[in-house]
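Colleague: Here's the feature list from TrEMBL:
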{"type": "REPEAT", "residues": "56-140", "note": "repeat 'Solcar'"}
{"type": "REPEAT", "residues": "153-237", "note": "repeat 'Solcar'"}
{"type": "REPEAT", "residues": "254-332", "note": "repeat 'Solcar'"}
{"type": "TRANSMEM", "residues": "256-277", "note": "transmembrane segment"}
{"type": "TRANSMEM", "residues": "308-326", "note": "transmembrane segment"}
Amino acid sequence: MYPSTLTQLARANPFSAPLFTLQKVEEPQQSVQRTRRLAAAATADEGDSCEFGSQKYLVLCGFGGIVSCGTTHTAVVPLDLVKCRMQVNPDKYKSIGNGFSVTVREDGVRGLAKGWAPTFIGYSMQGLCKFGFYEVFKIFYSDLLGEENTYMWRTSLYLAASASAEFFADIALAPMEAVKVRIQTQPGYANTLRECVPKMYAEEGLWAFYKGVVPLWMRQIPYTMMKFACFERTVEMLYKYVVPKPRSECSKPEQLVVTFVAGYIAGVFCAIVSHPADSVVSVLNKEKGSTAVQVLKRLGPRGVWKGLIARIIMIGTLTALQWFIYDSVKVYFRLPRPPPPEMPESLKKKLGVE
């Protein structure tokens, strides 16, 4: 028998599975077409340039990922450079301010832009796969679960879809990430992308560009799972508890402000979750012949947290801007932007909810 109230459902942690399962009941057959209620799924409304889930929709989502990730990561290259140097050489680069001053003193102001080209290319490709495949996998998993289970298990769905997308995104990112770190953390090795790539290939072969893919998965998959799941649920809670009017009554700029705030909150948690693996990636791509396990043992429990404040500032800002730009691309191209998820009518009926 179904619970007549939402007592059990309310006890569920937002990041856990529901505390009950639905049983099949006899209902009169209806030929009413169901529409998805998930935050990222809906039928096209008037004014939309395409239908949700169409090829055009997915292509433009991928383009939004390129714009949002490529531009934002390139914009914070100076902070990223200092963060990486603090991780691999903490004795020389003792703090954010000290890292900037030492870098400018040794390399000049232009030295802060080292690694911008591989950063732009690598994170553009990552953004394409991350946001594009996230939409693909979210639709795919939602169709497997069905409307009611999609709503009840929506956080698990966000986690699964984002993890699946990031698996492929990191394969696209790994080569340029290796080049970026080598340029930024080995003074005198290479100053440009064109100089670094052939040198790395001549010394270590193709493996030089992919030896960091496993640590990348360790860093980026938890990061992206937190980034998407926390963002989706934060947006839902902001509209429910903070924003004084329904989303449908908010203007596009007001909706984008909510997107930015939710993105920043998600970014702070992302930075904390993924920072230890980020430290390993930075050291691993600097050194030859080391493994992730060896680097992790050498850094120790305290060493893996070096540069955390810089990364929180960087990732919080990055994540907020990425979601803001991504959502702005959707607005510009008039893509479907469904409201936060609502409980399906069929589930309300089964739970006795008015």
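Cβ coordinates are placed from backbone N, Cα and C, and glycine is handled just like the others.
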Colleague: Need one number: mean pLDDT over the repeat 'Solcar' (254-332).
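Modeller: Taking every residue of the repeat 'Solcar' (254-332) together, the mean pLDDT is 84.
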Colleague: Cβ under 8 Å, sequence separation of at least 6 from the ends of the transmembrane segment (308-326): give me the contacting residues as numbers and ranges.
Modeller: 64-65, 67-69, 71-73, 76, 79-80, 82-83, 86, 96, 99, 127, 131, 223, 227, 231, 256, 259-264, 266-268, 270-272, 274-275, 278
Colleague: DSSP helix, strand and coil counts for the repeat 'Solcar' (254-332)?
Modeller: 70 helix, 0 strand, 9 coil
